[in-house]
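Read through the structure below, which is laid out as structure tokens, and then see the notes.
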Amino acid sequence: MKIAVIGQSLFGQEVYCHLRKEGHEVVGVFTVPDKDGKADPLGLEAEKDGVPVFKYSRWRAKGQALPDVVAKYQALGAELNVLPFCSQFIPMEIISAPRHGSIIYHPSLLPRHRGASAINWTLIHGDKKGGFSIFWADDGLDTGDLLLQKECEVLPDDTVSTLYNRFLFPEGIKGMVQAVRLIAEGKAPRLPQPEEGATYEGIQKKETAKINWDQPAEAIHNWIRGNDKVPGAWTEACEQKLTFFNSTLNTSGLVPEGDALPIPGAHRPGVVTKAGLILFGNDDKMLLVKNIQLEDGKMILASNFFKGAASSVLELTEAELVTAEAVRSVWQRILPKVLEVEDSTDFFKSGAASVDVVRLVEEVKELCDGLELENEDVYMASTFGDFIQLLVRKLRGDDEEGECSIDYVEMAVNKRTVRMPHQLFIGGEFVDAEGAKTSETINPTDGSVICQVSLAQVTDVDKAVAAAKDAFENGRWGKISARDRGRLMYRLADLMEQHQEELATIEALDAGAVYTLALKTHVGMSIQTFRYFAGWCDKIQGSTIPINQARPNRNLTLTRKEPVGVCGIIIPWNYPLMMLSWKTAACLAAGNTVVIKPAQVTPLTALKFAELTLKAGIPKGVVNVLPGSGSLVGQRLSDHPDVRKIGFTGSTEVGKHIMKSCAISNVKKVSLELGGKSPLIIFADCDLNKAVQMGMSSVFFNKGENCIAAGRLFVEDSIHDEFVRRVVEEVRKMKVGNPLDRDTDHGPQNHHAHLVKLMEYCQHGVKEGATLVCGGNQVPRPGFFFEPTVFTDVEDHMFIAKEESFGPVMIISRFADGDLDAVLSRANATEFGLASGVFTRDINKALYVSDKLQAGTVFVNTYNKTDVAAPFGGFKQSGFGKDLGEAALNEYLRVKTVTFEY
């Protein structure tokens with residue numbers, strides 16, 4: 001058909017393009033005149049195609065159609081007029097001229113909401129159903145016969161923009177094309193509009209959009225969302241006109257803490273909170289507004305209403321200045337009437353419209369590859385200077401999400417100044433615990449107090465879980481792409497690397513870790529872990545599955561891997577940062593949010609990590625850190641109904657209790673890495689030098705505070721005495737001392753209670769008849785130092801043969817030469833199964849032993865060789881679930897099956 005398109009906007013442009021793709025001939029386009037030198041998108045598109053474009057400011061004069069306009073229209077020979085979006089009054093001489101007449105798109109379910117602000121009134125009235133109508137134009141106001149209608153559900157927090165973008169725009173384009181197709185096929189109906197239910201409302205303007213506070217909260221919410229963006233619902237407060245945007249109903253019934261905002265005429269003062277502005281209806285129910293436009297036109301976060309201009313002005317680098325000038329050129333192209341774009345140039349006051357916002361965002365994103373920029377950012381920073389500041393903060397990963405006031409504890413140590421946060425980290429802020437509760441964290445090197453650390457209470461856990469839940473369900477974390485999530489994790493790993501000396505120093509101070517080992521392992525492997533899982537973010541995928549078809553129809557079945565939600569991670573004290581990283585990296589890569597409970601005795605690197613997440617741009621609430629006791633914080637996380645997964649590393653006894661709590665509370669998913677008594681079998685045909693070296697490492701690595709430490713060494717009889725002699729010789733060479741000294745081999749045990757348990761453990765071994773070859777006592781110096789210890793003649797029934805020391809205690813037992821199956825039986829005669837090892841030159845023996853050992857990891861001619869890509873986790877009462885490797889992702893994902901029939 002020959003079609004004349006009459007209208008404007010991106011919607012009109014899309015309808016025009018789709019009609020041409022359908023094979024229709026668009027003989028002419030009638031649109032609005034250029035505004036401030038900018039042509040409407042519909043006209044621009046048609047001009048590119050060589051289609052005649054007419055830009056009339058009016059079609060009539062004194063109630064009569066302009067003859068020249070009518071003549072030019074009639075010369076086109078159109079068979080149908082299509083009006084996808086038209087703000088002008090078109091004379092009936094034009095409307096009725098074509099053979100098929102004219103069809104009009106209207107964004108409501110006619111006869112309801114006739115008039116120019118139909119979408120606004122759909123929301124203002126709280127309609128549960130919305131949609132659009134395509135009708136045959138007549139001489140009435142939206143009263144013509146219906147050709148086609150489509151409806152959708154109106155969501156409780158829909159705004160004009162969300163409803164338009166989700167349904168009215170994409171489905172409306174399809175609807176217009178379908179309507180034209182029906183006309184071309186001679187199948188288009190003409191259904192008279194019913195009079196029942198017909199309404200007409202006037203156009204919404206700024207002067208009519210003032211909020212009436214004497215109505216329920218839901219009605220106020222509907223008024224605000226119905227006027228969202230244009231014209232904007234407003235009120236007077238603080239001696240200025242405030243316009244509210246982005247409203248949601250608050251159904252929790254709890255009024256958050258905040259600052260009162262008196263509003264004349266309101267039932268109660270508003271409350272400015274961290275989440276936004278709480279408003280009240282006359283029914284005492286609440287709604288939350290997230291954005292406020294001030295009288296000068298500046299848009300701010302409602303939560304910042306009383307903060308003023310809180311952000312300092314950034315000094316731009318040379319590269320950033322180049323980017324700023326490139327962005328200035330983009331502004332100049334969009335704002336041709338502005339002679340020179342200056343820092344004070346306001347995008348909207350210079351004539352920009354909403355379509356220009358889209359163009360600006362897309363051009364800047366193309367200019368700055370990987371940038372996360374949304375339309376809302378332009379409204380929040382409408383002057384060029386503010387926009388550049390916002391842009392640079394985002395590019396640095398130091399935007400608003402990263403701004404936080406931190407009360408540091410500073411110490412001059414290890415030839416540097418370390419700065420350590422010491423408060424709880426909840427919702428992106430460092431805060432005191434409920435009741436200002438604190439506990440001391442102790443330096444195990446000398447027993448001195450490092451600082452007071454906030455001690456989380458049950459109410460703090462609830463706040464942290466609520467922050468994590470909100471970040472997961474409503475925050476930016478769940479909206480960004482998986483690739484962008486990976487980019488943030490890479491940035492976090494880079495920051496950890498930049499701060500690795502500081503992190504390693506804190507590990508030495510707080511946990512007694514030998515500094516050189518902390519650099520390589522505690523911190524180094526943590527960095528590797530985040531980089532490894534950052535790479536997995538955009539590779540988490542489901543599969544398609546062939547199933548039996550429901551003949552004569554067909555089926556398609558697919559699976560999706562989804563994050564589980566809020567996760568609680570409870571970490572031990574032996575590797576404070578590394579254990580955090582092993583679990584948290586996989587958890588975040590899967591798209592979850594997290595509440596981390598570090599061990600009460602070693603909280604400081606976890607809190608430093610929290611600070612780095614802010615600097616990396618991880619959105620607020622995604623990561624929360626709660627130092628505190630296991631009986632309070634760990635228990636509440638296990639019991640909390642909004643926590644969907646617990647990852648725990650610690651003792652078997654506590655792991656059993658956590659598993660029970662997870663089952664009783666809400667059957668939450670759980671993974672447990674628990675105790676161990678890992679056997680290491682050393683055969684006579686081994687490389688003895690290597691066996692001694694690795695045997696030492698298997699026990700004394702990280703002062704023996706190592707979950708996979710070899711809890712018992714089985715040495716073949718013919719090399720037993722020589723092995724023991726060499727081990728004792730090496731032990732006597734070990735330097736026990738300050739973990740910050742570069743030549744120290746062996747630092748202090750983690751805390752005093754653990755030191756006491758080690759002494760009791762050794763006393764137990766001596767009482768039962770084991771031979772104490774060396775060590776077994778506290779080192780006579782300040783701090784929690786324990787001598788590297790070696791026991792021999794350990795029999796299977798003894799306490800030290802069965803129980804884990806979790807310290808620098810080597811337990812050696814003999815086995816008869818060639819008695820392979822007997823030693824395997826003894827090695828497996830434990831309820832633990834975390835790790836194991838074997839030293840032999842015989843590959844057949846190595847393979848046989850690795851098959852038979854009942855442990856999650858078997859080391860052959862090595863020990864402690866973990867890697868971020870290799871799954872880690874135990875069997876039996878050493879727990880279940882995996883850290884590291886691809887397998888770890890499954891601990892933090894759920895699989896959904898979706899089946900289609902067609």
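Cβ atoms are placed via backbone N, Cα and C, with glycine included.
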In Swiss-Prot, which of these is labelled phosphoserine: Ser252, Ser481, Ser631, Ser651?
Ser631
Record-annotated O-(pantetheine 4'-phosphoryl)serine (source Swiss-Prot) among candidates Ser133, Ser354, Ser661:
Ser354
Ser311, Ser329, Ser825 - the residue Swiss-Prot records as phosphoserine:
Ser825
Looking at Ser96, Ser629, Ser638, which residue has the phosphoserine feature per Swiss-Prot?
Ser629
Ser9, Ser718, Ser836 - residue that Swiss-Prot labels as phosphoserine:
Ser9
From the Cα of Lys660 (N6-succinyllysine) across to the Cα of Lys597 (NADP(+) binding site), what is the distance in angstrom?
19
Take the Cβ of Ile571 (NADP(+) binding site) and count every other Cβ within 10 Å, whichever protein chain it belongs to.
27
Taking Lys767, Lys882 as the modified residues to compare, which has the smallest set of other Cβ atoms within 10 Å?
Lys767
Roughly how many angstrom lie between the C-alpha atoms of His106 (active site, proton donor) and Lys882 (N6-acetyllysine)?
56
Looking at the recorded positions listed here (Glu673, Lys767, Lys882), whose Cα lies nearest to that of Cys707 (active site, proton donor)?
Glu673
In the chain carrying Ser825 (phosphoserine), residues 6 or more apart in sequence that have Cβ under 8 angstroms from it:
none
What is the Cβ neighbour count of Ser629 (phosphoserine) at a 10 Å cut-off, with all protein chains included?
15
Using Cβ atoms only, which residues of the same chain lie under 8 Å from Ser354 (O-(pantetheine 4'-phosphoryl)serine) while being at least 6 residues apart in sequence?
Lys229
Per DSSP, three-state class assigned to Leu632 (NADP(+) binding site):
helix
